[in-house]
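J.: Here it is, the structure in full.
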Amino acid sequence: MKQVSVLGATGSIGDSTLAVIRKHLDQFKIHSLSAHTNVKKIVKLTLEFLPEYVVITDEVAYVSVKSELENCQTKVVYGTACLDQLVSESVVDLVVAGIVGNAGMPSVLAAVAAGKTLLLANKEAIVSAGHLVMSLAAKSGAKIIPLDSEHNAIYQCLGQQYQVGVRPADVNSITLTASGGPFWQKPENEFLHITPEQAVAHPKWDMGAKISVDSATLMNKGLEIIEAHWLFNMPNNDINVLVHPQSIIHSMVNFIDGSVLAQMGNPDMQIPISYGLGVDKRLKNDANFLNLLEIGSLTFVAADCQKFKCLQLARDAISLGGIAPAILNAANEVTVDAFLNRRIGFNQIAEYNDRMLNQIDIEAVESMEQLLQLDQQVRTQTNTLIKQKTNHQS
Ligand code: NDP
Ligand code: MG
């Protein structure tokens, strides 16, 4: 039995992870679950899986969960420090990093420092702290299996050759595919009128609100370029992006002899998560087989970095190096939130991200504490910028 800690159990990645685990209860035991605010769902999940621990990171939610689970044998604990402690426990075999945003970064670092097998969905953590994640993994020997479908596809294509943070010698380049999100064919002058409801309605994937908006701006693909840069130790120029609206090919590896290996499947996160949970052994997942005859054709077009500026900003952040990706990520978390709360327009997400990426002038940071401080500082400045602009306009 493998003991699993599922961080962000109440989210979309949490749903898919627990759906896979339900099909294989003879192989997995839930050691711990985490939630932030969703009291109803975490109480239900706890009563179903009876984990050793439940961690709640929002104080108000914690009080409610604690009282609702008063008679349950599961220990209910509060705060992010508990997350870091639990993922490091020796009984834990697998940690699923499914928290959204940089809030998940400390627990990702804790799992890596403890040498765990980390199933990584939380891309913001590796975007912000890539350097730290890689140096900790090199020291601890932690295995990082990407769950993000593109990186999981590359991971599958590389097979035995994959070693976290090491570029395999016979790889020429990699190609990340992108669905293009809901607006890839929309004229840029209509971006101003896009509503949060339209932006979160992804044509191919059912995901949380933040990543859905990131997919619509193509910031998600930008964050994924940075994620691939760290995981596979590839420079900007060797990471290609192709819009592939059917979302069947999840990514490809282009080898030095001209061979290309691609991984295909229906757009369903249970597939990459199954491969992660199986730790390279395939788990039976009979719900969702691919029917290429029904799909008929697979098409590809170039990604438009002019129209989707966030994609270019991510490439700029890699070129700038150091803390630039962390700045871009923090600014983007604020601008996406502001868009979802109707404080700024869709087109302004890229505009403010660009301003922040090019305005902050901070020396390199070394530790997690410094990175968290930087993250906070960028968030404050981005919010101030938005307020100033909004006040000026009204
Ligand atoms: P959701 O919004 O659906 O879920 C987010 C989870 O994180 C919830 O469990 C939420 O708790 C928890 N959470 C939110 N804020 C905090 C916080 N401040 N501290 C601790 N926990 C918090 O997101 P997704 O599941 O869609 O995405 C999770 C991560 O996986 C993201 O980084 C995303 O980019 C990545 N990813 C997601 C994919 C998908 O298909 N959804 C695909 C590839 C990557 P609660 O709900 O209780 O408030
Ligand atoms: Mg992805």
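From the backbone N, Cα and C atoms, a Cβ is placed for every residue, glycine too.
Quantities reported herein were computed from a predicted structural model and do not represent experimental measurements.
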J.: Given that TrEMBL assigns Ser149, Glu150, Ser179, His202, Ser215, Asn220, Lys221, Glu224 to the 1-deoxy-D-xylulose 5-phosphate site, pick the one from Lys116, Lys123, Lys139 that the record assigns to that site as well.
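T.: Checking Lys116, Lys123, Lys139 against TrEMBL: the 1-deoxy-D-xylulose 5-phosphate site match is Lys123.
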J.: Check TrEMBL: it lists Thr10, Gly11, Ser12, Ile13, Asn122, Glu124, Gly208 as binding NADPH. Then name which of Asn38, Asn189, Asn233 it lists for that same site.
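T.: Answer per TrEMBL: Asn38.
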J.: Among the binding-site residues Gly11, Gly208, which residue has the largest number of other Cβ atoms within 10 Å of its own Cβ?
T.: Gly11
J.: Give the subset of the binding-site residues Gly11, Glu124, Glu150 lying near ligand 2, defined as CB under 6 A from any of its atoms.
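T.: So the answer is Glu150.
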J.: Enumerate in sequence order the binding-site residues Ser12, Glu150, His202, Asn220, Glu224 whose Cβ-atom distance to ligand 1 is under 6 angstroms.
T.: Ser12
J.: Compare the Cα of Ser12 (NADPH binding site) against each of the binding-site residues Glu150, His202, Asn220 and report the nearest.
T.: His202
J.: Using Cα coordinates, what distance in whole Å links Glu150 (1-deoxy-D-xylulose 5-phosphate binding site) and Asn122 (NADPH binding site)?
T.: 13
J.: Apart from Lys123, Ser149, Glu150, Ser179, His202, Ser215, Asn220, Lys221, Glu224, which residues in this chain have a Cβ no more than 8 Å from the mean position of the Cβ atoms of those residues at the 1-deoxy-D-xylulose 5-phosphate site?
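T.: Neighbours found: Asp148, Ala178, Trp205, Ile211, Asp214.
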